[in-house]
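Below: one structure, written as structure tokens.
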Amino acid sequence: MGKKGKVGKSRRDKFYHLAKETGYRSRSAFKLIQLNRRFQFLQKARALLDLCAAPGGWLQVAAKFMPVSSLIVGVDLVPIKPLPNVVTLQEDITTERCRQALRKELKTWKVDVVLNDGAPNVGASWVHDAYSQAHLTLMALRLACDFLARGGSFITKVFRSRDYQPLLWIFQQLFRRVQATKPQASRHESAEIFVVCQGFLAPDKVDSKFFDPKFAFKEVEVQAKTVTELVTKKKPKAEGYAEGDLTLYHRTSVTDFLRAANPVDFLSKASEIMVDDEELAQHPATTEDIRVCCQDIRVLGRKELRSLLNWRTKLRRYVAKKLKEQAKALDISLSSGEEDEGNEEDSTAGTTEQPSKEEEEEEQLNQTLAEMKAQEVAELKRKKKKLLREQRKQRERVELKMDLPGVSIADEGETGMFSLRTIRGQQLLEEVTQGDMSAADTFLSDLPRDDIYVSDVEDDGDDTSLDSDLDPEELAGVRGHQGLRDQKRVRLTEVQDDKEEEEEEENPLLVPLEEKAVLQEEQANLWFSKGSFAGIEDDADEALEISQAQLLFESQRKGRQQQLPQTLPSCLKTEIMSPLYQDEAPKGTEASSGTEAATGLKGEEKDGISDSDSSSSSEEEESWEPVRGKKRSRGPKSDDDGFEIVPIEDPAKHRILDPEGLALGAVIASSKKAKRDLIDNSFNRYTFNEDEGELPEWFVQEEKQHRIRQLPIGKKEMEHYRKRWREINARPIKKVAEAKARKKRRMLKRLEQTRKKAEAVVNTVDISEREKVAQLRSLYKKAGLGKEKRHVTYVVAKKGVGRKVRRPAGVRGHFKVVDSRMKKDQRAQQRKEQKKKHKRK
């Protein structure tokens, strides 16, 4: 015999438990919550009537979502436990007594919402139960029509049966919007659905037959349609082909394609385009691909059709241009023919045409005069508007006491001969101070010219003569040095241009009150005095680190500068590079060697660029330094002169060895025989030549665990190196140690400042002891010194002790009692959380 399942417990779903947790009296409360979330009918309601309200879950939801001063009435056959701000009645909604009781409670009020979640006692047969529920819904609708206000809502539960459609038709006659829905809280196996009726029409008179079950649920005989009625008598007209179109293949000409108003529609109907015009066929746009596409348009894709449209556009432009040229030629020929005919005409015809020409000239002259008058009037209006606008501005300035009455706006501009505002740069200032030198220029132009200016073109000619005198190798060397020299000149000219631009931006007539370096330092101090840099400013160690980093960077850069000349051959230093270094050195000093010349150039560049903006100097350093670094870091390179520059080899990077590697290294370093034996033993039966990735990972891991040869290392040595490795791992990294030291230093500094403030508070005489304690507590709290974590002592409880545990002997402060059960519960909770995470993934 089969075992019957527990029906009651299986129906306890998540909404059942949610109702228990939130305090609702039934799980059906969530149905109303979901309906209200979708249709929003409770927030605006001021009065509500709940029919079949027991046990009161829907009343609880209504009291929660409706305004506080709302009127809520609940009716049911069974008594309902009292709820705050809710009136409950124990009546039968199908009787007249219930209607009288509701009128007594509501008085003259009309409700905005009527709810009905009622259902009869079920269990006899499904047909009887469905009819009883439909009858109960009809009675609820009758009450709703009596007490519902215009535009109100009626929400009811209905069973899906054959009486559902008649009910829906009655709802549609009385309400503006009727929607049937099934909320998520309603069980899937349940036959209930909820009908939301909104916008009550409130008719003056409702036919009583609507609420009569015999009439409302009366079966209507539907006449069956015969076969002749189902078959359509007239055959519909076939669509898809044009009338009179007997063929599906349409051949058109290219001229029709060019004249088509809608080319896309033309291509959809055409099958082939014939290029019948010889001139269009010879056009450059008519390629072989276009000819192939024109042969069968129905098989073309989007790309080919777009190419045909572009081809049509080009041809239309060509044809339009050709027609314009023909029209111009025709006009010229016609004008020449008319002149000939005019010469051959009689004098009488000329006399008849003269009056007409004179009339045209007179009319044209009058039109020109009218246009000139209109332009003059417009110009006068424009000047008048401008004058009025200036007067209005002047009047406003006088009213605001910005100007004197006798001063006009026209006097504001500097129209004098000596205007200081026009001087915007150093060059203009020099021109003003020098005066007019045009006379001197004319005097110098009259003098005979002894000096000869050699242009760049003549220099190029000298270069060509030099090329003929030198060997190819010497010529290559000279050209290389010349290129380097030109690069240096370009950089120096760029720096000078930047200087000139800065001088032009600054007004030379304005004398700065402070020097530029002092002004830049004050601007930097003003920037770093903001609140966001307060913590950085207080930390002395941060400034120390920055200064140390700058010193280290300078020393490394000087070292690189000193290493570069050492790597060059001696002949490269003395013979070839000495002219270059002499060019780079300052004019007032002479370089004794190539290295001194290079350092001299560096110093000159630094001094020259220090006055310029910091960003430009940093960009120059960044653009020069990496070039030198790249030349050193890469392999040996041969310069244009044929000399090989030997790079400085960086030391090899050390590998980080594990304890096993350290022990093997000690064995290898101890004796050559042990090293040789170790190498020989590395070729054994456990050694294979598989590539990485050929074997599965689980197989490789298993081989490493079970098929490995023991190394000739003792346990003591391995333990020694493991201990040493653990000590190394226990040390904090440099950054962590520095951060901890900085944190400790900040805390000590903060503690010292707080101690000084506390001494000042203690020495104050004007305040009481209680105020002193409060101020000291606030000082230590702001300093972050009173935020010590409370120490918790864990006490393991024994079995049979019970819930109340006394403080054990020797335990001070806060303590917590734990047991093995709590540990197991925590582990179970962690396992559940892990399972939930895996399910979400």
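Count begins at 1; order follows the chain as displayed.
Even glycines carry a Cβ here, placed using N, Cα and C.
Site annotation (Swiss-Prot): S-adenosyl-L-methionine is bound by Gly56, Trp58, Asp76, Asp92, and the candidate from Asp112, Asp117 recorded at this site is Asp117. Swiss-Prot lists coiled coil at one of the ranges 538-576, 577-615, 694-732, 733-771, namely 733-771.
Taken as a whole, the coiled coil (356-404) shows an average pLDDT of 81 in this prediction. When Cβ atoms from all protein chains are considered, those within 10 Å of Asp117 (S-adenosyl-L-methionine binding site) total 22, not counting its own. Taking each of the binding-site residues Asp76, Asp92 in turn and counting other Cβ atoms within 10 Å of its Cβ gives the largest count for Asp76.
Relative to Lys704 (SUMO2 cross-link), the recorded positions Gly56, Trp58, Asp76, Asp92, Lys157 all have Cα atoms farther than 10 Å away.
Distance noted between the C-alpha atoms of Ser670 (phosphoserine) and Gly56 (S-adenosyl-L-methionine binding site) is 91 Å.
The DSSP secondary structure for Gly56 (S-adenosyl-L-methionine binding site) is coil. In this structure the alpha carbons, written CA, of Lys672 (SUMO2 cross-link) and Lys157 (active site, proton acceptor) are 96 Å apart. With Gly56, Trp58, Asp76, Asp92, Asp117 listed as the residues that bind S-adenosyl-L-methionine, the site has a largest C-alpha separation of 18 Å.
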